[in-house]
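What TrEMBL says about this protein:
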- 1-16: compositional bias 'Polar residues' (COMPBIAS)
- 1-44: region 'Disordered' (REGION)
- 325-418: domain 'Transglutaminase-like' (DOMAIN)
- C333: active site (ACT_SITE)
- H392: active site (ACT_SITE)
- D415: active site (ACT_SITE)
- N455, D457, E504, E509: Ca(2+) binding site (BINDING)
Amino acid sequence: MSFPNTKLMSWMSEPTSTDKEKKKPPLNGRRALPSNNSNAEENEVPEMDAFGLIPRGFNPKDYLRVVDIHMFKEPYEINKQQHHTDKYYNPKLIVRRGQPFQIQIDFNRPYKPETDQFWLEYLIGRYPQPNKGTYIPILVGDVLKPGEWGAKIIHKENNSIHLSIMSSATCIVGKFRLYVAIWTPFGIIRTHRNSATDTYILFNPWCQQDAVYLDDEKEREEYVLNDVGIVFHGDIDEIKLRSWSYGQFEENILDACLFLMDKAELELSGRGNPIKICRVASAVINSRDDNGVIAGSWDNTYTYGVAPSAWTGSVDILLEYYSSKQPVRYGQCWVFAGVFNTFLRCLGIPARLITNYSSAHDNNANLQLDFFLDDEGQVDAKLTKDSIWNYHCWNEAWMTRPDLPVGFGGWQAVDGTPQETSDGMYRCGPASVQAIKHGHVCFQFDAPFVFAEVNSDVVYSRREKNGAQIIEKIDTTHIGKLIVTKGVGSDEMVEITEEYKFQEGSEEERLALETAVMYGVKKQSTQDAMYQPQKDVEMDFQVQKAVLGSDFKVTITFRNKSRNFYTATTYLSGNIVFYTGVTKNEFKKHSFSVKLEPLMSSAFDVIITSSEYLSDLLDQASFHFFVTARINETGKILAAQKATVLEIPSLRIKTQGEMVADKEMSVIVEFTNPLKQSLEDVTLRLEGPGVLKTMKKEFRQIPANSTLIWEVKCIPKRPGLRKLIASLNCDALRHVYGELSIQIQKP
């Protein structure tokens, strides 16, 4: 059967007169059509496309007519089962590209292939065009070719036909409208617009021809289908973890994620390409230059918004943004990463959340962090612009990279936290993790920035009175000490540092650094400086693990490896810092002199009392200690720095009653205030995908050492292993979490 003349289908590309009145696009000679970058907008499609004058006796009812279309879209039916989309709380058909799905068409009489001609039309956006993949006519044939659009009849009965439809493995990801068109001698008759037949087409990690194909079933279950993850935070010496509800299958989340691509104005024809989608999403997840999803705040003031540590998952954030179209306040790196992960998994791109401990924020892209010391050996805050984050979270998305040389596909680093601009917008990635490891930072996108986050050197230098710059110490191992993610199918922490860089100090690691330098990233700033490392004396220090509200100590150890007798003037500076390494204020200053015997080690304790730090504490109860010592006999300076996080109490969650789907049960949250003061204006949050939607409760006051108990009744919807996640938040105490895994039985 030949396809009818597309010229007749003038409605496809011509803006209607009402369109023209509404929007006069600046058609500039190169573009014949307005841009097609909204999945939500649509045009009217004529139900009768006449071939000319219609004779008087023509009656459309004399011809084949569609009475009904069955989409098999229930979670238990074949399409959603085979396409792994049965968990989406969405009444419409959701399929993955490059894989066949089934529909049934009921006609007014039996279909006769010899005389009847019909075809399917899938349309997306307002100005559908065949060459852009936004208008897809599908003829019925005898065979389905893998990964190409097509349809064939697999069953005929009475007035009905059962079709198997194959979508292209590279087609646009989004919501398509479906029409059935029937040919008559006088024109084409179409079914009328019916939103019940709308079809969502997603990425397909199960399909070999798809750019996001992942060949391991356990990994697909984790990186696409798991709707709860873990965020590792804290500090390298005090790793903490909390659960995060991605909730990519919850009601309206799929529409909210498609709206983000409309918001970013990504041309519909580019929405089959995961590289483009990641690039625009990393910009629209933050609000910095496009009024995107989350407004960041790192200054401990969260007026008129929610403190970043209070969120328990992405669903509330995405739904609030989808309804208000205004940035949601507030987020920090793990919130940006959690929402980004939801977006990627929801669309079918395999994704995971990464934490990098001792993460560099290199302001001037010279691949080193510069700490400037004054004459006394203390850090000069005015000159020092680079910072070291205790940890930083970003995401990895799995895809092929046909735009790069072979071998750079696989995991790509993408980051929605606004740190530095890239091509004029706050975004980062996708950067090939393999390229970062080997120092091939010339490949787009933003590889030098990610390379610096995991592999910079820390350089301590000071200026002499005569202007000469002296480098006191180069620390090559402080940055990117540990890079981790959640294990596949478990809550274990898995180290992936070696995916980003070779073993510190190995030949390969230095070679990768030299390669990065060769590609013109590193500015040679150390030539005019003298570097004479101190060999005689070594200094290090340890910070005792401490619980919020208690005293603890810092122990400084010197090793004099020479036969000389030395004295050292030592400074300890204790700062309350944001987890981004930015100092709020100095709460402890302590200097003392030490005597260093030849060939001996000696240790000195400094006590930190709770009264010194409690009044100024920030969200994450995070401290940064900086110790410098000047050897009086030689003038040499020793420097070391460490971050530490206080132990914060957690919430306890328990359940009462039978845990059966569709039956009422109770969830109880308990918390004991550990501080010597009352907690005022406390907010508790509780959520569990498939068990209960987010609940919130406010408490005016929790007196010192007293226990709060909150009971919530709920009716779980989904059987299986589920997770309950709770957070407590108030001005005096943040980052208080609790979680509980529960098994919901089938009714």
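The backbone N, Cα and C atoms fix where each Cβ goes, glycine too.
Note that TrEMBL annotation is computational and uncurated.
Applying an 8 A CB threshold to same-chain residues 6+ apart, the list for E504 (Ca(2+) binding site) reads T476, T477. H392 (active site) is 14 Å away from N455 (Ca(2+) binding site) when you measure Cα to Cα.
Spatially, by CA atoms, the recorded positions C333, D415, D457, E509 include one closest to H392 (active site), and that is C333. Mean per-residue pLDDT, taken over the domain 'Transglutaminase-like' (325-418), amounts to 91.
Highlighted in sequence order, S456, T476, T477, I479, G480, K501, G505, R510, L513 have their Cβ within 8 Å of the centre of the Cβ atoms of N455, D457, E504, E509, the residues recorded for Ca(2+), and are not part of that set. Residues near D457 (Ca(2+) binding site) in space but far in sequence (CB under 8 A, at least 6 apart, same chain), listed by position: L367, Q368, L369, I474, D475, T476, I479. Taking the C-alpha positions, the distance from D415 (active site) to E509 (Ca(2+) binding site) comes to 24 Å. A straight line from the CA of E509 (Ca(2+) binding site) to the CA of C333 (active site) spans 27 Å.
In this structure, the recorded positions D415, E509 were compared by how many other Cβ atoms lie within 10 Å of their Cβ, and the smallest count belongs to E509.
Looking only at other Cβ atoms within 10 Å, the busiest spot among the recorded positions H392, N455 turns out to be H392.
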